[in-house]
Amino acid sequence: KMAAAAGAAVAAAAGLWSEVNRCGQNGDFARALKSVNKILQINKDDVTALQCKVVCLIQNGNFKEALGVINTHTKVLTSDVIAFEKAYCEYRLNRIESALKTIQSASQQTDKLKELYGQVLYRLERYDDCLAAYRDLIRNSQDEYEEERKTNLSAVVAAQSTWEKVVPEDLGLREATYELCYNSACALIGQGKLNEAMKKLQKAEELCRQSLSEDSDVTEEDIEAELAIIHGQMAYIMQLQGRTEDALQLYNQIIKLKPTDVGLLAVIANNIITINKDQNVFDSKKKVKLTNAEGVEHKLSKKQLQAIEFNKALLAMYTNQADQCRKLSASLQSQSPEHLLPVLIQAAQLCREKQHAKAVGLLQDFADQHPASAAEIKLTMAQLKIAQGSVTKACMILRSIEELQHKPGMVSALVTMYSHEEDIDSAIEVFTQAIQWYQQYQASQTRGANPKSPVHLSLIREAANFKLKHGRKKEAISDLEELWKQNPKDVHTLAQLISAYSLVDPEKAKVLSKHLPSSDTMSLKVDVDALENSHGATYVRKKAGKLTGENQQKEQGQGEVKKKKKKKKGKLPKNYDPKVTPDPERWLPMRERSYYRGRKKGKKKDQVGKGTQGSTTTGSSELDASRTASSPPTSPRPGSGAAVSATSNVIPPRHQKPAGAPATKKKQQQKKKKGSKGGW
């Protein structure tokens, strides 16, 4: 009976293995897994069955369960037996460091492990090692996957060019597929060759359409979805070229397609946010949600993720979310302590909160802790000081940046700022220090020789011109002599030098003036007739002729005294009476004359426009209805009628009948009836 039972079990296992084999060939791994589980019920430590179970789980996408089976049966499934499957599960579960350790611990490096090793190195951004791994694979492999390896190799070169700014070497790859063209375009973008990159992307788009259109099952929507990543790079190039409207339009078209690649969507959303900046923040807040999608962190490089986080912090600042901005920038600073952007964002947020002194202190602390980045930080500090109006303090900060003191841009900025503050001595000192730096540098480079570089000579020229402009001719002499010594044929410099010496040493000026070219050498070969007949000279010639005629008349009567032009007699008024003395105040406005008594009282127009809106000129006693009821009405005063109660028995001034004007009341009443809706 036992032998019969054992034989039945063996027969059953054989049937199950046949089922597993058939299902594996048909790609039905779910059904194969059921048969494998039945085999394991017969023999739970069957190595082959366990391997098959792991493979079936991997094919079905159950990487976590497959890794659990491997870790549960470590005694049976040793690293030599199942190293690739374990490393692949860890790789797909984004446990990249664990996958690397598993690969490195394997006793035998198979081709499959080498392929996976290259992928792991790429995800870890170890591009140099990755490049070497793929080169070795291409050199020692001959199968149908050669094209894929070349594509991966070109992707590594593109990543080096983009993220490490390494000039890519020519790999001699024939760009026969759209993937190779795309990677080549990415490498060109990293080098800044945008026009060439755009042409490569256009070629990649054409190849992609050709290859996909050959498959009858592929729809136009499928083709557009595949082209989304190519169009995304095209839009990025447009953005770099300043064509933001075109880039924005293309970005939005890609988002409307709703691609499944969360990494692509995150990058496009981030780029749209950078275009919006501090404008259209509502759209940016919607787009930033795409950067928070699940799995984005596994699809993008570290620098891409860092850029997205920076933009999130800036968006929080622009939307007045101060706490969120501080939280994000602090997190970024803890991740990258030496990076400039987090501290700059924090300083910007403090400035928005009017805490400029605190912002400057924060920047100063960072500059002290990170001397390598001190120059950029101090430039920002100087900008903040200028914004506060402390130009002199800003100059002190700029002059403390030793590596930039001699730069023409820095010299120009300092001189301009000192000139604005009217501190000419400090501006000249800036010029002097920069010139001395170049003298020392030139001496160290030329071993005692003293040739002047173009930048050095330009600084001397600017220093001389600045001193001459501000009346420092004595101080300008040494600079002008140096310039003339470098170029004795420079007539302009010689003229400036003579002008400067004329105040200090006239004799020296006379000696130098002998070096000026004679008038014969200075004459220009000009065709006078052609010049006079040229367009635009006619008016000048006519005017000159007219003046010449006047000069001739003057020359004829040189001894005569210039005749004064007769003044025209002013016109007198028609009612002018010479016997009556004119009013001495006739030139003054009527209101300013001593005899002005004001306009006649009681005019309605006098009540308009006097005093502030809603104010009255009457006293509180005059507004008391009880007093005015028993007292006779006083003469109307401007503004008093507006404050009288409607129940008072006193007739308001605007209802009184002026003497000698019986029609006035009637007209006013008619006007009131026409415009009023209720009774007075």
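Counting starts with 1 at the first residue shown.
Even glycines carry a Cβ here, placed using N, Cα and C.
Residues annotated as coiled coil in TrEMBL: 96-151.
Residues or ranges marked as compositional bias 'Low complexity' in TrEMBL: 549-559 (among others).
The compositional bias 'Basic residues' annotation in TrEMBL covers 562-572 (among others).
Sequence-distant neighbours of the compositional bias 'Basic and acidic residues' (574-595) (same chain, 6+ residues past either end, Cβ-Cβ under 8 Å): none. Among the features that TrEMBL reports, compositional bias 'Basic and acidic residues' is placed at 574-595.
What TrEMBL records for 609-643 (among others) is compositional bias 'Low complexity'.
Marked as compositional bias 'Basic residues' by TrEMBL: 664-680 (among others).
Annotation source TrEMBL lists domain 'Signal recognition particle SRP72 subunit RNA-binding' at 542-598.
Mean pLDDT for the repeat 'TPR' (228-261) in this predicted model: 93. Summarising the annotation, TrEMBL assigns repeat 'TPR' to 228-261.
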Long-range environment of the repeat 'TPR' (228-261) - Cβ separation under 8 angstroms, sequence gap at least 6: 178, 182, 185-186, 189, 194, 197-198, 201-202, 204-205, 208, 221, 267-269, 271-272, 274-275, 290, 299
Summary of DSSP states over the repeat 'TPR' (228-261), given as helix, strand and coil counts: 26 helix, 0 strand, 8 coil
